[in-house]
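*Asks:* What TrEMBL records for this protein is below:
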type     : residues : note
DOMAIN   : 31-303   : domain 'G-protein coupled receptors family 1 profile'
TRANSMEM : 15-39    : transmembrane segment
TRANSMEM : 51-73    : transmembrane segment
TRANSMEM : 93-119   : transmembrane segment
TRANSMEM : 131-155  : transmembrane segment
TRANSMEM : 197-215  : transmembrane segment
TRANSMEM : 244-261  : transmembrane segment
TRANSMEM : 281-306  : transmembrane segment
């Protein structure tokens, strides 16, 4: 008979990681690949914000691969991370680097949009493609230096189990003791502040500025009637900027909503006197981690919902061009079959309405003759 604790672990491993987690990974990998292909197109690469979105798609893909290897595949008894020390070190380093880059690329993109909104003319000196490539390279270098110690600190260790054979786990080295203390501080306070709190504050401020300026700009434009006097090129430029801003706002709000619960949970756990992880805490952590990784999987779908320019470029991809006629045909067949069934049901209903009075009259005549 299973205990309540076994049920909590079963829910975490099977429902959260194996089913929901695999769905997140599939959606994220498909969406990240399509986002990467769309933002590589020449039409979108003219904007600095699109360059950040391009590298954000790469970081999202790496995040999804790390989520799949570290959390999902072990529930299927596939332990790739413990194959060797090299794989363990490389994977952990790539995981921290991907999460940091994804968060800070979104942060820099928010600053870029806020600068364009606040200083439309002066921002042209800094908010352009070349600067976006430079800033991205600087971010990669900085976060590589910050996380470089993981290449030294993580190794594959054998954990002895009372109920069965020893298991191999990838974790921070136990010797020297100084590194263990350093990693305990780094992985709690430093990581939360650097990776989440700072981006959270910057993105919140930038989003408030962007929303305020966009609302004021729209109200003034409608009041003055200036939108009528724009030429076609100016209208297209304004529309593209507006849609990029909407895509950024959607991604930023998803980051704030989906990652904040995980960070609150990490801070509470770091301050807890009881360091033993219970089964309930294990299930809660699994749910919150799933929500946090969902943030890196939904960017493509946010872009598709909020950006018409993104949808137009998506439809021009060769894969979508090849599949779209088939999807349209299937959709039309479904609509046709549904219309035929509705028409058939209407004819049947009308037939019943027409025949019932006739039958009723016939029955009355039969009774009267009798």
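Glycine too: its Cβ is placed from the backbone N, Cα and C atoms.
Walk me through the surroundings of each of these features.
*Replies:* When pLDDT is averaged over the domain 'G-protein coupled receptors family 1 profile' (31-303), the result is 83.
Panel annotation: around the transmembrane segment (131-155), residues 48-49, 51-52, 55, 85, 88-90, 92-93, 96-97, 100-101, 104-105, 108, 112, 170-173, 179, 182-183, 186, 194 of the same chain, lying at least six beyond its termini, place a Cβ under 8 Å from a Cβ of the stretch.
Counting only same-chain residues 6+ beyond the ends of the transmembrane segment (197-215), those with a CB under 8 A from a CB of the stretch are 103-104, 106-107, 110-111, 113-114, 117-118, 242, 245, 248-249, 252-253, 255-256, 259-260, 263.
Only residues 6 or more beyond the boundaries of the transmembrane segment (244-261), in the same chain, are considered here, and those with a CB under 8 A from a CB of the stretch are 47, 49-50, 53, 56, 103, 106, 109-110, 113, 117, 196, 199-200, 203-204, 206-207, 210-211, 214, 288, 291-292, 294-295, 298-299, 302-303, 305-307, 309-310.
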*Asks:* Can you tell me which parts of the same chain pack against the transmembrane segment (93-119), counting only residues 6+ beyond its ends and a CB-CB cutoff under 8 A?
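*Replies:* Residues packing against the transmembrane segment (93-119) from afar: 48-49, 52-53, 55-56, 59-60, 62-63, 66, 70, 126-127, 132, 135-136, 139-140, 143-144, 146-148, 150-151, 154, 194-196, 198-199, 202-203, 205-207, 209-210, 213-214, 241, 244-245, 248, 251-252, 255, 296.
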